[in-house]
Amino acid sequence: MTATILFTAILLMTGVTLGFILFTKSTAFIDQVTQSILVIFVFYTLFTVVCSYIYPSLSYLDKASPLWWIFGPCGYIRFKATERTRWSVQDIWHLIPLMLMLPFYFLFISSVSIRNDYGYIYYSVLYTCTACIWFGYALFIIFSLGRKTETPIDSNGYLDYISVILLFILAFFMMSVAYNYIVYKQDAVSSLSGLLLFFAMFIGVSAAYLHYFYLLMQRKRQSETADHIRQPGQGKMHNRYPDEGDRKLWVQRIDEYLVPERYLDMRFNMLKMSKNLKIPKEQLLLIFEQHYRKSFITYINQLRVNYACKMLADQDFNLSMEQLAADCGFRSKASFYRCFREEHSCTPLMFRERQIKNQLV
């Protein structure tokens, strides 16, 4: 009963989350990676349900499967996705252990006599390698997270932390399973260990669901705000676009206010700007929409990206990307990379390499 509820919840949550991603029409690489991971979750869940629950006589197909090995690379590739714009050939290297194990897997499941004669060796190798792969990838991610600056993290960052915690828990649990099997020859996979893996998958899918639900709600609020300020005849003076004289004066004040690069402060926002300039927030929204042809957030992030470009073009630049993001006013490296790609269709590192190459020509 517990397994049925867990499998159903994973499939439903995964389907809804995939729908959220498709609805946002995002082309960001990190969202493509997340989609791929969710599809893998669906495939693995269905594979387990069919082999272990619908047809119990085929449970050895699931028990001996090396598909578990793919979860470590999934967490790593998603963690590094903020620094990239597309898939690369190097991603295949992460699948080499799995591809090397597949011939042995097919040979193992092809014959009852092979399973009886070599089952102990096969499962000892399989689950020891599973623990090592999960632990290795989790260790690499946690070391990379440790090098980040102490800046606030966004929901993408929380997904990274959740992923590494789950990998560590699964790795330590699998180490105990492998140890008990090798030393005491106890069954390598119990129903508890299988449920633990799927419970971890459920937590991961739930975190992804909350992340994309938050993004959708944020986009909806921005859309409603933009529609509200465009509606004429609201009957309130502060909701109307200012006349030509006020508009020129306010635009000049806004430009002068932004010259000292106040937007490099992470705490910079429209409310603070409205208070300092003594311009109603609704009027500021209208000015940015009508005069600058961009939303306030988009325009400010564009200024931050331009500032980052100046720093990246400097030959003496030696900051980490996390520090650069913080210095430019972004709350996380993920949001910095996302805004940078929207402006220049490349990562900051790719932009720097291009600038340095042009300077040397």
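Note that the numbers count up from 1, one per residue, in the order the chain is shown.
Placed from the backbone N, Cα and C atoms, the Cβ positions cover glycine too.
TrEMBL annotations: computationally assigned, not manually curated.
Fair warning: this is a prediction, and the values are worked out from it, not measured in the lab.
The annotation transmembrane segment is assigned in TrEMBL to 6-24, 36-55, 95-114, 120-146, 158-182, 194-215. The feature domain 'HTH araC/xylS-type' is assigned by TrEMBL to 252-354.
Beyond its flanks by at least six residues, the transmembrane segment (158-182) meets 71-72, 75, 78-79, 123-124, 127-128, 130-131, 134-135, 137-138, 141-142, 145, 188-190, 193, 196-197, 200, 203-204, 207-208, 211 of its own chain at Cβ-Cβ distances under 8 Å. Within its own chain, the transmembrane segment (95-114) is flanked in space by residues 60-61, 64-67, 69-70, 73, 122, 126, 129, 133, which lie at least six positions past its ends and keep a Cβ under 8 Å from the stretch. On the 0 to 100 pLDDT scale, the model's mean across the domain 'HTH araC/xylS-type' (252-354) is 86.
With helix defined as DSSP H, G or I and strand as E or B, the domain 'HTH araC/xylS-type' (252-354) counts 72 helix, 0 strand, 31 coil.
For the transmembrane segment (6-24), the residues of the chain that approach it from at least six positions outside its boundaries are 31, 34-35, 38-39, 41-42, 45-46, 48-49, 53, 195, 198-199, 201-202, 205-206, 208-209, 212-213, 215-216, 219, judged by C-beta separation under 8 angstroms.
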